[in-house]
């Protein structure tokens, strides 16, 4: 108990000493920006609705298309992970991603012509999301490397700091987004937000870029010679530690010679080492092989398939609900921002509740609870659209607030096991690629679900000012939310929400 209290007291002081103040500031800034994006994306939603006069289904389709770069994150991970360890530099990727995040907002803020074209707006938003997704992948890999370098006593510290920074960014972005829309033109909001990617770009200049976690020649040898063999949780509900299995049974003599060449760093003969460090294709093949080896494990592939299908089967019509709330219910932007703030607080509450009470429960039971809860939230939306709450004297704003709060909280009971599982399956050397792959599975499923939502809105003729079939669309969404429960056999029966 005393040790735990000592650790909590000295936690703020330990972090800068272990990771460096500049690195911590960069981590906090990048995750803060990820959360603060709600500030500017609220303006995008209003621009599509009020200035471009796009239909709900068209807006849903364009937003889904704009977020597609988040579904191909493994590509960015491979680009950063395939560089040989001695030459690995992640900061240049952050600089590139910062520029990609910065320029679209400046262009949208300064060019009225490009801002008025739906095609150009979508193209610029794709580029912006490309930069944000790349930064997310690179900083995730840097966090994983830094934690491994600092030691197990810091496990969870950087992740907690990252999550807190993103939550704070989301809260401030939601609060200020509604206020900005009421007091600033949309193009000015784009310019104001571009200051954050610019600050991120400047911050990259002050961070030392070195491959953390690989300080010895033996570590480098393991990265080059070994292949990843990742084992996840077993059918008995336990999880084995991640490990690398060497290819010792093949060409033993040749490998021993390679080991000697790598371990003797002072030898004048650098030809062999140079061939390893200067051939990205070797690292690329190694990373790809390790990625396939890890992912094809049945105890990994089956749960990931469930998480993917659990998102694909649910048509997302959130954009249609946004149109309904602003046009039919006449809710102000400032109020919708407040609802998102409550959603962020509920998200943190859901995370705490999961860690405190649910992580020891069976994973199947947790996921059943999550999907039944999300179906109930959709039922509340049906009540809102059907106006059944009016006869009980319940205001529309309370229905929206409760739906936002409960929806974000319950969704964490599905996301937390996914994040914990993904974090445990990242062996050294390909952490950026593998973690990005898992997150892309979730993002791609959500993107496909958004496209299905756009198709559903179009089929039901849900257009501006015409929401007669919205309750029917929500009914379809509610039924589809319950469908993944029938595929829970893909999740090992005895696994708990802790997955370790």
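In case you wondered, yes, glycine gets a Cβ from its N, Cα and C as well.
Those TrEMBL annotations? Automatic predictions, nothing curated.
Beyond the transmembrane segment (21-41), the same-chain residues lying 6 or more positions past its ends with a Cβ under 8 Å from any Cβ of the stretch are 15, 94, 101, 105, 132, 135-136, 139, 142-143, 146, 158, 161-163, 165-174, 176-177, 180, 189-190, 193, 196-197, 199-200, 203-204, 206-208, 337, 340, 344. The transmembrane segment annotation in TrEMBL covers 21-41 (among others).
Here TrEMBL flags 61-79 (among others) as transmembrane segment.
Positions annotated as transmembrane segment by TrEMBL: 91-108 (among others).
The region 'Disordered' annotation in TrEMBL covers 228-274.
According to TrEMBL, the feature compositional bias 'Basic residues' maps to 248-263.
If you look up TrEMBL, you'll see 264-273 marked as compositional bias 'Basic and acidic residues'.
Long-range Cβ contacts of the transmembrane segment (305-324) within its own chain (Cβ-Cβ under 8 Å, at least 6 residues beyond either end) map to 45, 49, 56-57, 59-60, 63, 336, 367, 371, 381, 385, 414, 418, 441-442, 444-446, 448-450, 452-457, 462, 464, 467, 470, 473-474, 476-477, 480-481, 483-484, 487-488, 490-491. Taken from TrEMBL, the feature transmembrane segment covers 305-324 (among others).
Within its own chain, the transmembrane segment (336-354) is flanked in space by residues 35, 38, 42, 163, 167, 170-171, 174-179, 322, 325-326, 366, 400-401, 404-413, 416, 497, which lie at least six positions past its ends and keep a Cβ under 8 Å from the stretch. The transmembrane segment feature in TrEMBL is assigned to 336-354 (among others).
Sequence annotations record features per position, and here TrEMBL assigns transmembrane segment to 366-386 (among others). Long-range Cβ contacts of the transmembrane segment (366-386) within its own chain (Cβ-Cβ under 8 Å, at least 6 residues beyond either end) map to 310, 321, 324, 354, 358, 396, 399-400, 402-403, 406-407, 410-411, 413-414, 417, 467, 470-471, 474-475, 477-478, 481-482, 484-485, 488, 491, 497.
The feature transmembrane segment is assigned by TrEMBL to 433-458 (among others).
Residues or ranges marked as transmembrane segment by TrEMBL: 470-491 (among others). Within the same chain, residues 302-303, 305-306, 309-310, 313-317, 320-321, 324, 363-364, 367-368, 371-372, 374-375, 378-379, 381-382, 385-386, 453, 456-457, 460, 462 sit at least 6 positions outside the transmembrane segment (470-491) and bring their C-beta atoms closer than 8 Å to a C-beta of that stretch.
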